[in-house]
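Enquirer: Sharing a structure, written as structure tokens. Questions coming.
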Amino acid sequence: MEAAAALGVSGLPGALIVLILVLLLAVALHRSAPRETPTAPQDGPRANGQARPEEPRKAKPAVRARKEKPHQHSFAHRLLVAALKGHSSPVTCLDFSSNGKYLASCSEDRTVRLWSTRDLAGREHRCLRINMGLDHAELIRLSPDSRYSRTLYWAFIVWLASAETIRVYKMTKKDDGSFTFTANSGDFPKKHKAPVINIGIAETGKFIMTASSDTTILIWSPKGEVLASINTNQMNNAYATVSPCGRFVASCGFTPDVKVWEVYFSKNGVFGEVTRAFELKGHTAGVQSFSFSNDSRRMATVSKDGTWKFWDTDVEYKKQQDPYLLLTGQCAVLEPCRIALSPDSRTVAVAGSRDIVVYNTRRGEEEERFLGVHSHCITDLVFDTTGRYVVSCGDRAIRVFHNAAGHRAVVEEMEAMLKKTGNKATQERLEQQISSARKALAAIYGKKY
């Protein structure tokens, strides 16, 4: 008994050690075993054995994408005077006032802007903004100053894209120096059956012209009455305009000629008739564009045949005298193509696609080339009334260039005349003109010319 009791007591420590080791081993195995993550069945969690529809997750608020501004086309050139920026959509048409003080522009952004030409060479370019409402103007023409001089300071007409009609706006100057713009109560009636490609106002203020892409030109009174309809018989009209003198309207199109008509009014200002005046013949393919000099005695044309031509139109057409071809120049014709003749007819600018090339009309040589002027095709090309600048549009910016070729042409022409004259007064006048042109070139290039 004592031996058995002694044996049981002495075995307790060993049993405890074994038990502790077993427990430690069990704990270690439990911790090392991979734990299963409970997953909800595909038909959703259950409550009391019934399927419960899963609550929809709250969607995160969508991040509003930033509206990126349209990329502004970058262009640089030593003859670039300014880029007039203000329109938010492509500019479609340009026009200078007859007194040279303003440049008008219209755009797809439903606004018309009037820019002060005094600021063209400055850093800031002031302009007046006129809203077109829910429509936008595709074409714009400024009224000659004399037309509304008694009651109004100014006026302009636009061709509205959606309404497809002419609308007249009158601009009055208030006592405080500000301006108000008022649209006439009634638009012109719709008469054209094809898209209108150009509009114009005679310098005399006696008539307004509209031309469509078929073969129609309409002559209107300022009040919106149709005075005459012209069928150009050119298959289609590519371009048409009113001459700066206000006597003629002209058109070009599929045929290789330019047709010119005289719009006749009596001495009392009563409309008479429209008669054929003369034609410019010499191109071998359709004429795309043409332009008059400021006195309407010279014209320039550009054709699909790859040439531009310079004409003397100071002829007695009533005696069947035809215009004289003075010069033919070569050019790359990229559509759409526009041509502009400087007011003094010494230089001509041709725009094709996005490029502009300037030529002299004395020899027909290329003087300047501006490549990639706009991000889109050039829609309008004009010289200012002084001939100092050539201006273009095609995207949101209006680009103004020095007409350096014009100043060089003055120097060349006056020096040639100086050699031929012996009259002292004439010599002094020519030398003064040469000096002024050289100073203008020196200011442009920053060095003595």
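Numbering starts at 1 and runs along the chain as it is shown here.
Just so it is clear, glycine is given a Cβ too, placed from its N, Cα and C backbone atoms.
Residues or ranges marked as transmembrane segment by TrEMBL: 6-29. Look at TrEMBL and you will find 33-72 tagged as region 'Disordered'. The compositional bias 'Basic residues' feature in TrEMBL is assigned to 59-72. TrEMBL lists 84-118, 189-221, 280-312 with the feature repeat 'WD'.
I'm curious about the neighbourhood of these features; can you describe it?
Expert: Sequence-distant contacts of the repeat 'WD' (84-118) (same chain, at least 6 residues past either end, Cβ-Cβ under 8 Å): 72, 125-142, 144-145, 154, 156, 158, 161, 169, 203, 376, 379-380, 382, 384-386, 391-400.
Under DSSP, residues within the repeat 'WD' (189-221) fall into helix, strand and coil as 0 helix, 16 strand, 17 coil.
Across the repeat 'WD' (280-312), DSSP assigns 0 helix, 20 strand, 13 coil.
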Enquirer: The repeat 'WD' (280-312): which same-chain residues, six or more beyond its ends, come within Cβ distance under 8 Å?
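Expert: Same-chain residues near the repeat 'WD' (280-312) but 6 or more away: 238-239, 241, 243-245, 247-248, 250, 252-258, 260, 322-333, 335-345, 348, 350, 359, 361, 364, 385.
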Enquirer: Across the repeat 'WD' (84-118), what are the DSSP residue counts per state (helix, strand, coil)?
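Expert: For that range the per-state counts are 2 helix, 19 strand, 14 coil.
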